[in-house]
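Visitor: Take a look at what TrEMBL says about it:
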DOMAIN    A:287-411  domain 'SSD'
DOMAIN    A:633-795  domain 'SSD'
TRANSMEM  A:12-31  transmembrane segment
TRANSMEM  A:258-277  transmembrane segment
TRANSMEM  A:284-304  transmembrane segment
TRANSMEM  A:310-331  transmembrane segment
TRANSMEM  A:361-380  transmembrane segment
TRANSMEM  A:386-414  transmembrane segment
TRANSMEM  A:434-458  transmembrane segment
TRANSMEM  A:642-660  transmembrane segment
TRANSMEM  A:667-687  transmembrane segment
TRANSMEM  A:693-718  transmembrane segment
TRANSMEM  A:738-762  transmembrane segment
TRANSMEM  A:768-793  transmembrane segment
Amino acid sequence: MNERIAAAIVKARFFIIGVFAIALGLAVMYAPSFKINASADTLLVKNNELYIKTQVANQTFAPEEFILLAYEPTAHALYSQQTFTDIQALSEQVESLSRVKSVTSILNIPLVTDASSLQGTTDVDSLTWEAQQYSASQMKERIDGHPIFTDLLVNRESTATAIQIVFQQNETLSKLESQITDLQRKRLDGTITEADEQTIIQLKAQADPIRQKLTKQRAQEIAQIEEIAESVNERANTYLGGSYVVGQHLIDIIKSDLTVFGGAIAGVIALMLAVLYRSVKWVVFPLIACASSVVLTMGLLSFLDMRATVLSANFIALQIILTLAVMIHLIGSYRSHSHADNASGQHDRVRATLGEKLSPCFYATLTTSVGFGSLLFSGLQPVADFGLMMLYAMIITMLVSLLLFPSLLSLLPVTKESGESKLLKALLGWFRRISLRSPGMLAAACIGIFAVAAIGIMRLDVENSFINYFDKQTQVYQELAFIDQQFGGSTPMDIILDVGETNDSGMLVLEAESVAQLQLVQAAVEAFEATGSVTSVVNFTELAKQLNDGKPLTEYELTSIYRLLDDKVVDQLVGAYFSPVDDKLRIAVRIQDTTAGLDRETFLTNLKSDLGKVGINEGNYALTSLFVLYQDILSRLISSQVITLGIVYGALFIVLLAVFRRFGVALIAMIPNILTTLGILGVIGWLGIPLDIMTITIAAIAMGIAVDDTIHFVHAYLRGAKQGDGSSQADTGSRYAFGHTAVAMSFTTLIIVAGFSLFGLSDFLPSVYFGLLTAGAMFMAWFSDVTLLPAMLNMLYRRKTA
Amino acid sequence: MSLGKYCGTACFLFTLILSGCASPPESSPATAQQSQTSSERPSDAEALSQGQTVQVETSQGTISVEPTVVGITDEAATPSSTPGDTSYYDPLEGFNRAMFGFNHYFYTYFFIPVTDGYRVVVPDVARDKIGNAFDNLREPLNLLSHTFSGDLDKAGINLGRFVINSTIGLLGLFDPATHWFSLAQSEKTIAQTLRDYDVGSGAYIVLPVLGPSDVRGTFSTVTEGFLHPTQFIMDAPDRYYLRMFEGVDDFESQSQRYEKLYEEASDPYLYFRNQHIQGQLRDAMFDTNKASGNNLNE
């Protein structure tokens, strides 16, 4: 069967090459439009209740898009003429950017000092530095400890001030978004119809190009603001922060990782191929195959409009490595056939290679696909998307390495092949002898080692924070951390309180009891170390109380102020926190992601119980926004991990059973792989690396790749065993398996480990973890495949014959 | 608040009639400890909105919250009151509504046009100075009230301010006491002094022209009318003109506020009444020795 397919491939070589050439041509057309979408959104599970609630809350309170530019004087006092001059200059320059709607700084905020200003008789707008030119000491007096602006425009220690740059909403986009949200809302009560779903898809298609343009514009704006900030760098440190800045840094880092590491890995691979095979042919051909796979995949993905996200940013490197792994087995087999029969022609060699390796290579890529495919069942949209992307990539890799590569190879003239590395052969020979002599001991030792590693699983913890994705040494981290620590945190979390109808026959805008309830909630939230800036209507009532000589307002006075103040001022002060139409109050919280020892899950549990303690019923509030959405994903990670691993184990067992058609052998083939996945999870636990949406994919991927080696090894062992009989089966089988198959396995492992290790140099910690842990997993897989696997196979064959 | 003496006489009668009426006892600031579940206990939010400082045990330790907005009503102050709308003690509602209606008519067709004209004719800066002068004329009354409250420090400040501003401050047009001597304004009415002696506010009364008040406030206003320095330094018609002028000057800053709030309230009578009563109860509960110059409700 295999031989016939092999012959057919060799025969149809020109046709195959032609088809691939056309496909490549098409792919080259599409590949340049391949898109990266690294917005925080891509890491979220959409269409679930929490996400829709967040969208609805955003619609109600319309929080504005802003970034913070912090200014920390190095030699002069914060409240000084120099600062004011700089802030004014910076504000003016920033304001000239086209999309900037307004710039808020300590210079243009109204600094109200007595209660009468709140009663509509004074023009509040005139109480600013810009209008009054307050002195440095007056500014200090008015701003220090201000209930509204502390943590937002000035830090608690009064060493730095921030400019809040507010951007204009794109009218069309927000209209589209609110239409989408209105339809999505129906999902919450289950009244959504098929037509609605269609409309949503249409609306999303309309919104997409606008969003793309916006992303580009944001990147430019950030660069421009950074440039503007440089003008004061002689006197002050400047820091840029805010959720869009984080997003932009992520895009930058992913783009550079894609190209830098894609390129670096290709380079390292070329070098290693050259060293291992000492032949130009075995450098050029695999690289051509790898490049074809990547280009075809990129073309296909951009045709399907699938975008790389933070999660799938490494797919190029991943695919190069996976394509190569298949080809090294083919090359190993080809070389072995060339060594065995020097006189054979090129077509015979290719046919023999394919005859031997077609089925293990096919099954190996199939199992890798199964590993990625299992991610589709993770229940986490971003992870599932990544799984689907890699599934396509694997299918292309399979086609390229099993069709294109041999077709190209058969065009080559016959040459003499160089010999294999002696050192490697000696090492493998040693493993072979031990596994034959004392298989039980070896197996026990192996399982012992993995068991110790696997204990680390108990220590697995889930945690997630964007800031911690960046290396602490990088400027990006330092800027984000400064904003995080000094200006009220990074990841937003909203608490939406339902205050219900006011019962005083509509007399009041807001009742005292509602404010009291809000205050209690706010105090409970502020009590947490990890909460940075916490803002709501309470900050305003606190200010009013301060201005009222420390006496609380009455609810009627509050209503009067609300009605007397200019609508614009009201909107500025409380618009984002109070929706009189829906009777909803919003507390905007930012979580300080750099808080030492922050356990987000415990934080949320405590927060929920504290909300109960201050008298809020569970039905009367909703927690929304990014922080909660991430946490929701994290809370599902462990179960998701269990499900994906379960599916991987199950599916692989079926594949192994199909390949080897013997229950015992399939079971033995499973064991090293199960140990590898548990072992790598254990290592993650031991190292204290938090399980997050990035690291969760490692175990399934590792399993998918590692099982390739197992299949090749067992396949070769069984082939060898057939040649012996009785008690010699174990010996011939293991001799055959430890021949070129084990060498090829070692090569692929070496190349994969070297390639993935390169990610250790990234500034992006998820890439670092991903690279090093996958490398670790590959090493473990190789180790168990050349020790435990032969030991168990030997035991099986000895028992059978005994 | 200033006084028109004509109405003062009428109000004085009310005072005599009503001062005997029981007025709800007033509560004082207290700390509500988180006591274990008694079903009668008001929720923390209720306690807080009634002006109490609330402490709650949370996972992060004890948090203590002080009220920033309160809604203290007569009902809350007298828990034993009979059912019905007892939130606001307003036995004279019929009379009050009539008077409120008259006032509104008076404001709309006379007082507001007059103050609008005044605002146009007299520039900002001048109005400011005139306001200072009237404030200065009140100082002896403040001194008196502070003295009777036993707050001699404040009384001293009132004396100092009166002397300084009447002389260096050119009859009170300027306020060098605040700006050069750091003697901040410290107003005190007889009503506030009475409150210090635990005299309740009594029933709500809408005074002609002057608007929302109560028995205690009316008594205070009338008495202050008799004791006002103008009584002693000016003759009959002139001092009335001056007090009327003060009324116009006073109302000038409030006319727009009044119109806006009147327009937006579903029942303006109730809105102004409740605002007044809640303000009084709040003032009774929270430190009354402080200057009430920035009091928002009048």
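Cβ coordinates come from backbone N, Cα and C, glycine included.
Are these features on the surface or tucked inside, and what touches them?
Guide: Mean per-residue pLDDT, taken over the domain 'SSD' (A:287-411), amounts to 86.
Residues of the same chain lying 6 or more positions beyond the ends of the transmembrane segment (A:284-304) and with a Cβ under 8 Å from any Cβ of it are 20, 23-24, 26-35, 262, 266, 269-270, 273, 315-316, 319-320, 323-324, 327-328, 331, 389, 392-393, 396-397, 400-401, 404-405, 408-409.
Sequence-distant contacts of the transmembrane segment (A:310-331) (same chain, at least 6 residues past either end, Cβ-Cβ under 8 Å): 36, 38, 42-43, 250, 254, 257-258, 261-262, 265-266, 269, 277, 282, 285-286, 289-290, 293-294, 297-298, 353-354, 357, 360-361, 364-365, 368, 382-383, 385-386, 389-390, 393-394, 396-398, 400-402, 405-406, 469, 693-694, 697, 701, 705, 708, 712, 741, 744-745, 747-748, 751-752, 755-756, 759, 766-767, 770-771.
Remote same-chain partners of the transmembrane segment (A:361-380), defined as residues 6 or more beyond its termini with a Cβ less than 8 Å from a stretch Cβ, comprise 45, 322, 325-326, 329-330, 386-388, 390-391, 394-395, 397-398, 401-402, 633, 636-637, 639-640, 643-645, 647-648, 651-652, 655-656, 658-659, 693, 696-697, 700-705, 707-708, 711-712.
Packing against the transmembrane segment (A:386-414) from elsewhere in the chain are residues 6, 9-10, 12-14, 16-17, 20, 281, 285, 288-289, 292-293, 296-297, 300-301, 304, 306, 308-309, 311-312, 315, 318-319, 322-323, 326-327, 330, 334, 338, 344-347, 349-350, 353-354, 358, 361-362, 365-366, 368-369, 372-376, 378, 697, 701: each is 6 or more residues past its ends and has a CB under 8 Å from a CB in it.
If one looks beyond the transmembrane segment (A:434-458) by at least 6 residues along the same chain, the residues whose Cβ comes under 8 Å of a Cβ in the stretch are 675-676, 678-679, 681-687, 730-731, 734, 780, 783-784, 787-788, 790-792, 794-795, 798.
Distant neighbours of the transmembrane segment (A:642-660): 359-360, 363, 366-367, 370-371, 373-375, 377-379, 666-667, 669-670, 673-674, 677, 696, 699-700, 703-704, 707, 711, 714-715, 718; these residues of the same chain sit at least 6 beyond its ends, with a Cβ under 8 Å from one of its Cβ atoms.
Long-range Cβ contacts of the transmembrane segment (A:693-718) within its own chain (Cβ-Cβ under 8 Å, at least 6 residues beyond either end) map to 43, 310-311, 318, 322, 325-326, 329, 359-360, 363-365, 367-372, 374-375, 378, 380, 382-383, 386, 390, 464, 633-634, 637, 640-641, 644-645, 648, 652, 656, 659-660, 665, 668-669, 672-673, 676-677, 680-681, 684, 733-734, 736-737, 739, 741-742, 744-745, 748-749, 752, 766, 769-770, 773-774, 777-778, 780-782, 785-786, 789-790, 793.
Tertiary proximity for the transmembrane segment (A:738-762) is limited to same-chain residues at least six positions away from its ends with a CB under 8 Å from its CB atoms, namely 253, 257, 261, 264-265, 268-269, 272-273, 276, 314, 317, 320-321, 324-325, 328-329, 331-333, 335-336, 420-421, 424-425, 428-429, 431-432, 705, 708-709, 712-713, 715-716, 720, 768, 770-772, 774-775, 778-779, 781-782, 785-786, 790.
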Visitor: Are the transmembrane segment (A:667-687) and the transmembrane segment (A:12-31) close enough to be called in contact, which here means at least 3 C-beta pairs under 8 A that are separated by 6 or more residues?
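Guide: Contact between the transmembrane segment (A:667-687) and the transmembrane segment (A:12-31): absent.
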Visitor: Write out how many residues of the domain 'SSD' (A:287-411) are helix, how many strand and how many coil, based on DSSP.
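Guide: Taking the domain 'SSD' (A:287-411) as a whole: 104 helix, 1 strand, 20 coil.
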